[in-house]
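For reference, TrEMBL has these:
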type: DOMAIN; residues: 519-706; note: domain 'Metallo-beta-lactamase'
type: TRANSMEM; residues: 26-58; note: transmembrane segment
type: TRANSMEM; residues: 226-248; note: transmembrane segment
type: TRANSMEM; residues: 260-279; note: transmembrane segment
type: TRANSMEM; residues: 291-313; note: transmembrane segment
type: TRANSMEM; residues: 325-346; note: transmembrane segment
type: TRANSMEM; residues: 367-389; note: transmembrane segment
type: TRANSMEM; residues: 401-422; note: transmembrane segment
type: TRANSMEM; residues: 460-479; note: transmembrane segment
Amino acid sequence: MFQMTAGLSIGILSLHYWQSLPDYKWFITAMIIGGAIFFCLRINLFLAIAIGGLWAWVTAVDYSRAVNSLPLERGNITIVGEVRSLINHNILDKRFIFVAESVKERDLVRKDALRLLLDWPAVTELKQGQRYQLDIRVRRPSGRANIAGFDAERYAVGNGIHGTGTVIAGTLLSQNGNISLRQRWFDRAVRQTEGFTYRAYLLALGFGERDGLDQDDWSILRDSGLAHLMAISGLHIGLVVVMGWGIGSHMRGALPESGHLLWLPFWLALLLAYGYAWLAGFSIPTQRALLTSVLCLLMIRCAVVWSGLQLWSVILASCLILNPLASYSAGLWLSFGAVLVLYLANIGGIRRRKQAEQTRVPWRETVRVYVLLQLALLGLMLPLQWVWFGGISLAAPLINLLAVPWVSLVTVPCVLLAVITITVPGLSGVFWQLADWSLHPVIALASLAEGAWWPLSESLFIALLAMVTGIVLCWLLPWRRFLCLQLSLVLALWGVSDWSKSQTLDPASWQVDMLDVGHGLAILIQRQGRAVLYDTGNSWPEGSMALSVIEPVLRRQGIRHLDGFILSHADADHAGGTSDVIARLNPAWLRSSDKREGFAPCVRGRLWRWQGLTFRVLWPPKRVTKAANPHSCVIQVSDQRLNPESDTSLLLTGDIDAISELLLARLEPDLKADILLVPHHGSNSSSTQTWLDSLQATYALVSAGKFSPWALPAEQVKHRYLMQGLHWLDTAQDGQVSMRIEQGAVAVTRYRKDSRQHWYQPLFRP
């Protein structure tokens with residue numbers, strides 16, 4: 001059994017290592033070989049791996065076929081289908097899931113229905129369950145590509161989203177009778193929780209609708225390690241299963257003896273679990289939790305005895321078979337990782353001691369076990385936390401120790417009672433109020449953890465991973481029998497620590513990172529673990545590129561604060577995240593070409609040195625009240641002091657226009673630059689031939705958005721640079737561009753092209 005389930009899981013998870021979809025004949029061949037091994041040696045592992053791989057291939061091909069039915073670039077189509085998302089009309093600009101059942105008068109079979117993530121700015125009334133005919137401008141999923149931050153393409157695959165778009169016009173095809181019962185209950189809950197302090201949390205716990213949580217809420221949950229409590233998943237479904245089983249057992253004991261009542265606890269537990277999963281919209285985590293509940297309940301009722309590892313592998317394989325692409329979401333890894341940690345903790349000795357239970361204070365033993373489990377989760381979940389989130393919350397063990405029992409035993413039951421009695425407003429309102437009050441101490445406690453989030457750099461992560469591995473082996477293996485192994489682990493940790501230190505840049509080298517922020521600009525200049533930022537990218541009501549891209553990238557590289565921050569000019573695509581940069585990254589000094597409080601002037605003639613690099617301001621000639629494109633702060637960054645014989649220079653140009661280029665060329669006739677930031681994202685209003693001839697650059701960096709409405713960079717501008725012989729590096733095509741400069745040599749890394757490729761990426765790009 002274990003070989004079969006483990007093999008199926010390995011085969012399905014091999015999907016993560018495919019750079020392209022292999023031919024199905026490879027799987028048939030593998031199945032034949034695996035079958036031969038099984039019949040000869042009675043080992044079914046290889047056959048199971050082949051079967052799992054084939055099933056993953058079928059799922060990936062099906063997803064690819066659906067995505068390929070949509071235009072690669074933006075295109076207009078007409079679709080008919082159903083709204084699948086819960087709609088909260090208190091939230092502006094909400095995107096929603098729409099399942100298209102026909103496209104351009106062509107009906108789709110159920111398995112080919114398109115799952116689209118849409119935005120409808122002009123809509124006033126939209127409800128889950130309604131059927132619409134929509135004219136939409138649609139494209140395939142596409143996102144920014146940086147070494148850290150949100151991966152929109154992986155998110156689309158993990159959630160089965162085939163395309164994204166905007167609604168141009170729509171016609172309602174169904175009447176109000178088609179509005180789902182879940183939407184009706186949700187609307188009642190929204191009205192009944194009007195004015196409550198933690199309304200967004202209550203709706204998240206009751207219906208799995210978390211769009212009401214703002215950036216501050218997510219920061220609190222991240223820093224405190226409580227984000228998992230606000231997602232209806234295994235913990236919550238497991239809680240209602242236990243409640244249902246307990247109620248069913250008491251009912252069976254109170255009723256007359258009957259064979260028909262033997263399954264009462266099973267069915268009641270399953271009914272409650274199904275009901276809670278329905279409230280959550282049968283999201284992928286709740287589907288996983290519901291399947292787990294069914295398997296565990298059947299084991300208990302049928303008296304099947306499996307080891308913890310066998311049960312874990314059966315449930316993992318079942319979940320992966322149900323939805324192989326769900327492995328591209330963090331939830332699956334975190335859920336099964338946490339359960340595996342608890343299993344390892346149990347066999348490692350973290351369990352209740354019988355002699356302690358016989359004392360007068362047995363609760364101390366419960367607390368001891370609970371505390372140790374929280375510490376085990378903190379340490380052993382570190383690799384998964386780093387891979388998916390780039391760090392860990394140091395406050396999580398203590399806060400979870402107090403918050404999880406309280407929310408599980410007080411808040412969630414109150415929320416469920418409020419939903420069950422939703423049609424009786426007076427009674428339901430009482431339960432909503434109790435649930436809201438119960439969250440006050442939880443959020444107050446979580447707020448104390450502000451700043452407890454500890455981002456981990458790659459080099460530090462390697463050392464910590466080795467340490468965790470060593471701790472696990474020392475914990476699980478008998479001390480005396482494996483003494484030599486454990487001593488060797490100490491030496492290995494020492495070696496890993498030295499290796500991680502050696503991964504830092506050469507003392508004379510420095511690095512330039514042009515981040516992928518869509519249409520906008522954000523450039524990091526780094527040396528010896530310190531950084532200066534030039535521009536911030538754009539912002540929007542719920543966030544900014546500073547929060548979603550710049551901060552995660554710096555954290556991944558082990559940098560918590562900026563040494564300096566330079567603002568080229570005032571346009572939103574360059575300065576939109578200014579307040580977030582100052583608040584979150586606390587730069588030591590600030591410079592801009594316009595008059596801003598706290599900013600030093602960035603005007604011609606200014607010169608300063610930082611980490612051996614020379615910053616020389618070439619433009620504008622004077623400071624202005626509000627800097628527009630022609631007033632962009634142009635800076636030459638040179639390493640001449642570090643490498644006198646083979647210096648390299650970078651020219652940061654902001655959005656200067658052709659006139660500014662001409663004036664600057666007259667002021668600086670001998671100006672040269674090895675690396676040139678293409679002015680104004682490659683607009684035809686700049687990058688004149690005279691300007692390019694005078695600079696004699698080698699590399700051209702352009703920060704642009706893939707679907708920018710301005711169609712930048714302009715083709716004639718790009719052609720001009722290519723004819724000049726420059727290496728063209730474009731974030732729209734290459735993602736984040738990193739340049740390591742060392743003694744005159746420039747090593748270029750393009751994140752989208754030079755990092756490990758995945759089979760789904762060619763679907764989203766030409």
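Cβ atoms here come from the backbone N, Cα and C positions, even for glycine.
Since this is a predicted model, take the numbers as computed values, not measurements.
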### Message
Short question: most Cβ pairs under 8 Å with the transmembrane segment (401-422), which of 26-58, 226-248, 260-279, 291-313, 325-346?
### Response
226-248
### Task
State the residues, same chain only, that lie 6 or more residues beyond the ends of the transmembrane segment (260-279) and have a CB under 8 A from a CB inside it; answer 'none' if no residue qualifies.
182, 185, 206-208, 232, 236-237, 240-249, 251-252, 286-287, 289-290, 293-294, 297-298, 300-301, 416, 419
### Recorded stretches the transmembrane segment (226-248) and the transmembrane segment (325-346) touching, at least 3 CB pairs under 8 Å
yes
#### Entry: Residue numbers, six or more beyond the limits of the transmembrane segment (325-346), whose CB comes under 8 Å of its CB atoms
12-13, 15-16, 59-60, 63, 154-155, 157-160, 228, 231, 233-234, 284-285, 288-289, 308-309, 312, 315-316, 319, 372-373, 376-377, 380-381, 384, 387-389, 472, 476
### Message
Are there residues at least six beyond either end of the transmembrane segment (291-313) with Cβ under 8 Å to its Cβ atoms? List them, or say none.
### Response
1-2, 5-6, 9, 234, 237-238, 241, 245, 263, 265-266, 269-270, 273, 319, 322, 336, 339-340, 343, 346-347
### Summary
Sequence-distant contacts of the transmembrane segment (26-58), meaning Cβ under 8 Å and at least 6 residues beyond its ends, amount to 3-15, 317, 320-321, 324
### Message
Within the domain 'Metallo-beta-lactamase' (519-706), what mean pLDDT does the predicted structure show?
### Response
94
